[in-house]
Amino acid sequence: MSVQEYLDKHMLSRKIEDAVNAAVRAKTPDPVLFISSHMKKAVPSVITKVKARQILDSRGIPTVEVDLFTNKGMFRASVPSGDSTGMYEAVELRDGDKGTYLGNAVTKAVKNINEKISEALVGMDPTVQLQIDQAMIDLDKTEKKSELGANAILAVSIAACKAGAAEKEVPLYKHIADLSGKTNSILPVPAFTVIRGGKHSGNSMPIQDITILPTGASRFDEALQMGSETYHHLKAVIAEKYGTNGCNVGEDGGFTPNISSVREGLDIVKEAIGRTGYNDRIKIGMDVAATDFCIGTKYDLEFKSPNKSGQNFKSGEDMIQMYKELCSEYPIASIEDPFDKEDWEHSKRFCSLGLCQVVGDDLLMSNPKRMERAMHDSACNCLLLKVGSDKSDWNSDRSY
């Protein structure tokens, strides 16, 4: 093919002429840069390459990182993962070789991206997120994404989403809002983990986390300041009451003082909030993770205590009463997983009281079928969405 034939085939002469005319009209001081930018906008973006690698996350555990290339640039994403994974969640594909990263390596997931997913996506428009995700779901074919790995699919999906936002020349959050069909964006209230308990800490507090929520902030930077100041006041409170060893922190940054009860934890958080002077502008949240201490139909609030008294072995109704009392005594705005993952009845009863935001995490496991049931039964009024989980059956325009 001659140069002229190539120019004619791709209509480059016309496109270049349009770019030069635009540069003249704009009276740009750098016409070459202007024309280059103009030409990039004139050419629709497509995915040209997808390349994955293994990296370490913030806890030193392997995870997947992806570079997705279009003719507009390179877009990178890595996959988050938490301490716990529910039985109904999509599967993170890990190698399982105990001799390498204790079985947590993700070279199989990386290989799936480089050899299978990349081939399926090259040439696709990065703005068509639904088609990109569906192509990977169709390629996997399993209900819980165990063939390619939810971690492989998620990394590529996030990178593609960033590429789509760049193609539309909008911030990522606006692109996601467009994809969801929501035009009014609301800045969420950040939640700060300040006390760590449950099975992930060495103290005897049965619930997993106590958080603070700066609901009275008018801007995100103000919320961040309020959270930071409260955190450091809490550190001082803990040092005074439990010594400097009580200021040790868990993986999520929450302090792990030697406390044994929920009220003891709430008391010191409330005192810290009082020292900041923010008072009614900061609320408290709890992640109970009740599944961790549910035995049959009972809840053992002393499951971590070496010398159990047997006094804190509670029924579902007892737990509802306890939450009612806590919500009346403390500025609690949110409770996550107040009951076992299969205790739908008590979740429904507690949610119906309207005392606070009731978050479903272990209850829902980001599983579409469990979400459907929770909405039908009104078992919670908020979900914790783990973006790595199964979404093959979930209609993206549904929300609480």
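Positions of Cβ are set from backbone N, Cα and C atoms, glycine also.
Lifted from TrEMBL, the feature list:
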| type | residues | note |
| --- | --- | --- |
| ACT_SITE | D252 | active site, proton donor |
| ACT_SITE | K386 | active site, proton acceptor |
| BINDING | D287, E336, D361 | Mg(2+) binding site |
| DOMAIN | 47-176 | domain 'Enolase N-terminal' |
| DOMAIN | 184-395 | domain 'Enolase C-terminal TIM barrel' |
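Of the recorded residues, D287 (Mg(2+) binding site) and the residue listed as 'active site, proton acceptor' place their C-alpha atoms 15 Å from one another. Cβ atoms within 8 Å of the centroid of the Cβ atoms of D287, E336, D361 (the Mg(2+) site) belong to the same-chain residues Q208, D209, V288, A289, I335, D337, V359, D362, L384, site residues excluded. For the recorded positions D252, E336, D361, a Cα-Cα cutoff of 10 angstroms around K386 (active site, proton acceptor) retains D361. Neighbour list (D252 (active site, proton donor), Cβ cut-off 8 Å, at least 6 residues apart, same chain): T193, R196, D209.
The local packing around D361 (Mg(2+) binding site), expressed as other Cβ atoms within 10 Å of its Cβ over all shown chains, amounts to 24. Other Cβ atoms within 10 Å of the Cβ of D287 (Mg(2+) binding site) number 25 in total over all chains.
Long-range C-beta contacts of E336 (Mg(2+) binding site), restricted to its own chain and to partners at least six residues apart, with a cutoff below 8 Å, comprise G285, M286, D287, V288, A289, V358, V359, G360, D361, L384. Look at the domain 'Enolase N-terminal' (47-176): DSSP puts its residues at 54 helix, 25 strand, 51 coil.
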